[in-house]
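K.L.:
Please read through the structure below; I'll follow up with questions.
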Amino acid sequence: MKKFSGIIPPVSSTFHRDGTLDKKAMREVADFLINKGVDGLFYLGTGGEFSQMNTAQRMALAEEAVTIVDGRVPVLIGVGSPSTDEAVKLAQHAQAYGADGIVAINPYYWKVAPRNLDDYYQQIARSVTLPVILYNFPDLTGQDLTPETVTRLALQNENIVGIKDTIDSVGHLRTMINTVKSVRPSFSVFCGYDDHLLNTMLLGGDGAITASANFAPELSVGIYRAWREGDLATAATLNKKLLQLPAIYALETPFVSLIKYSMQCVGLPVETYCLPPILEASEEAKDKVHVLLTAQGILPV
């Protein structure tokens, strides 16, 4: 079973202002990220706006993603849903169209008991032969995938091979890494917050799936590569810059439009339009983003 590691951007979905998929921009974003040295691309995550799409839209984007990337790096497709049936259909569709793996957030709206959660993930994992990465984002789902839960799921399902742990806690990441890897050493643990990339590597984790890699992949890629080469000084220097970027996320709720604006700032031809109910970011917020990116050397003075 393939092991995933490194920097895997959760790619922002690109739309025209009428809400249709902007395939040209999608290709340019993929080319940009691959040329920057990322280790994979994750489509239809939180910043990919999967929650505002119907099943047909998600399938169409997944097909386009696989076509555009064309085997240059692994493609992960988000399949999570409040509906187990929909998640299974999306998983099987991703496999049929050539994805390299799937990512499944736990069902949201309901807070489900362990046996319900186990059944949800077992149905997804057993419906495909693809590797499955769990996605923990308790701030949005209302329910934490605890290290004990993840260990149980990993032991029950051989193709559950990793987790994106989007939680602002070094302790949670440490316990996740130590607990799951003690029984599945090959299990991949990715942080979901930019400011925990270096922490994750120091703790024995495997990389990051973080939003800033959409517009500043050179920082997270540089940190990861420096760490792998034993150059902690370079990793620490780059990390000081990366630590400033999460301030962007506090400027709008949700912050998805500001990620797209940041991508615009670095020259990518993307609209800042997002699918409703997410409105375009304010001009005031955009100005603050521009100042921040300039201060960190991502944009020229």
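Glycine residues also receive a Cβ, built from the backbone N, Cα and C atoms like all the rest.
The feature active site, charge relay system is assigned by Swiss-Prot to Thr46, Tyr109. According to Swiss-Prot, the feature active site, proton donor maps to Tyr135. Per Swiss-Prot, active site, schiff-base intermediate with substrate is recorded for Lys164.
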K.L.:
Out of Thr46, Tyr109, Tyr135, the active-site residues in the record, which is closest to Lys164 (active site, schiff-base intermediate with substrate) when you go by Cα distance?
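P.N.:
For Lys164 (active site, schiff-base intermediate with substrate), the closest Cα among Thr46, Tyr109, Tyr135 is found at Tyr135.
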K.L.:
Judged by the number of other CB atoms within 10 angstroms, which among Tyr109, Tyr135 is the least packed of the active-site residues?
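P.N.:
Across Tyr109, Tyr135, these active-site residues, the one with fewest Cβ atoms within 10 Å is Tyr109.
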K.L.:
Tell me the Cβ contacts of Thr46 (active site, charge relay system) under 8 Å, same chain only and six or more apart in sequence, or just say none.
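P.N.:
Long-range Cβ contacts: Pro10, Phe137, Leu140, Thr166, Val256.
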K.L.:
Let me check the 10 A CB neighbour count of Lys164 (active site, schiff-base intermediate with substrate). How many other CB atoms are there?
P.N.:
30
K.L.:
In angstrom units, rounded to an integer, how far apart are the Cα atoms of Tyr135 (active site, proton donor) and Tyr109 (active site, charge relay system)?
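P.N.:
Answer for this pair: 15 Å between alpha carbons.
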